[in-house]
Amino acid sequence: MNNTPAKADQGRYGLGYRGTECLNCGHPLDLSDKFCSNCSQANSTKKLSIKDFLDEFFASFISYDSKLLKTLSSLVLKPGKITRDYINGKRVSYTNPFRFLLSLAIVYFLILGITGDFEQIDFFPTQEKASTFDLRATIDTLDYSNQKEKEQMMAVADSLNFANFVLRYGKHRDSALNANPRSYYETLKDESGLSRFFKKQDFFQTLFQNGSIRTFDDAISKYGIENTSENKFAFTSGKSFARIKERPGDFIKTMVSRLPFAVFFFLPVFALFIWLAYIRKRYNYTDHLIFSFHITSLLFILLIISYLVDTIFKVSSNWLFLTIFSVYLFQALRKFYGQNVFKTIVKYLFLNTIFFILALVSTILMIAGNIITY
Ligand SMILES: [Zn+2]
């Protein structure tokens, strides 16, 4: 045994304070054990002084910081290396990939949520309540200091308009509804399937907007609507649409705040395709999932930097950072899976295509999901 104590053996970690049983979990210990082999608490029976307490507090910060720094530098500077290290068992020196990605996603969407002034749309006077759902035109008239932010809002408005169009296609609402809701509703019963559902939804939305009903019970008692699950569902989504129309900014804010969680539905599916592309490699599904967590973490880092650069210098640097990401992704695939350039190009193109299809599908699903639960 080494008789000259290292720095970590001094103070409360010194030999004189060691016990034969862990104070945290009761695991039997030897006096030579610096830490419990069961729960890794330090083997020290000394009562904490203020200095010990502060030391412990800062030590945990410093160890977290060094983990974070190592994770960041390895991820940014050596594409593919961090994933390789992690799945080969070098885990303690890196931050957990899932937690790392979740933190980055939350930071990114917090920045968006704080700086994006979505609510100002709500206070814009709505001229004609019954007119088309023209959020884009409303945003266009608003004063944005940051041009990129305005573009983002426009993009959200477009997808909302698209969702609204999809959900309300084939609508032929006429004055019949307003003149006599009850008999208008009777005519809907002849319609079939989806068309009937969307017309009912539109029916409820209109009644909700002009204040005739507030709850589903109102609809039952006032207009003799049957209490079926289809009607209830049509009522809920109609009501959501009415509320979105009333306060679109609020809705966008809710949606943006839920975006980080969409990533975690998207990635497991994407990892399945990576697994398919590299089916002959000895990696299992979890390995591919960790790879996609690391890749997405880098994407969020670039998005955060890009956003900060744009805000500070009033430029649009998206294209630059997306180019960096494309190059990085290629390098990471090459380094992690270790195949030649030609094979990597083929898989790179395949995975890119899948990525965009999945992104499109999950965007549509998410907007639909948000409309229903809003
Ligand atoms: Zn223990």
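Each Cβ is built from the backbone N, Cα and C atoms, and glycine gets one as well.
Noted in TrEMBL for the protein shown:
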TRANSMEM  98-116  transmembrane segment
TRANSMEM  259-279  transmembrane segment
TRANSMEM  291-313  transmembrane segment
TRANSMEM  319-337  transmembrane segment
TRANSMEM  349-372  transmembrane segment
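Sequence-distant contacts of the transmembrane segment (259-279), counting only residues of its own chain at least 6 positions beyond either end whose CB sits under 8 Å from a CB of the stretch, comprise 101-102, 105-106, 108-109, 285, 288-289, 291-293, 296, 337, 347, 350-351, 354-355, 358-359, 362, 366. Same-chain residues lying 6+ beyond the ends of the transmembrane segment (291-313) with a Cβ under 8 Å from its Cβ atoms: 72, 75-76, 82-83, 86, 97-98, 100-101, 104-105, 107-108, 111-112, 115, 146, 148, 263, 267, 270-271, 274, 320-322, 324-325, 328-329, 332, 336. Using a Cβ-Cβ cut-off under 8 Å and counting only residues 6 or more beyond its ends in the same chain, the transmembrane segment (319-337) has close neighbours at 78-81, 83-84, 278, 281, 283, 291, 294-295, 298-299, 302-303, 305-306, 344-345, 347-348, 351.
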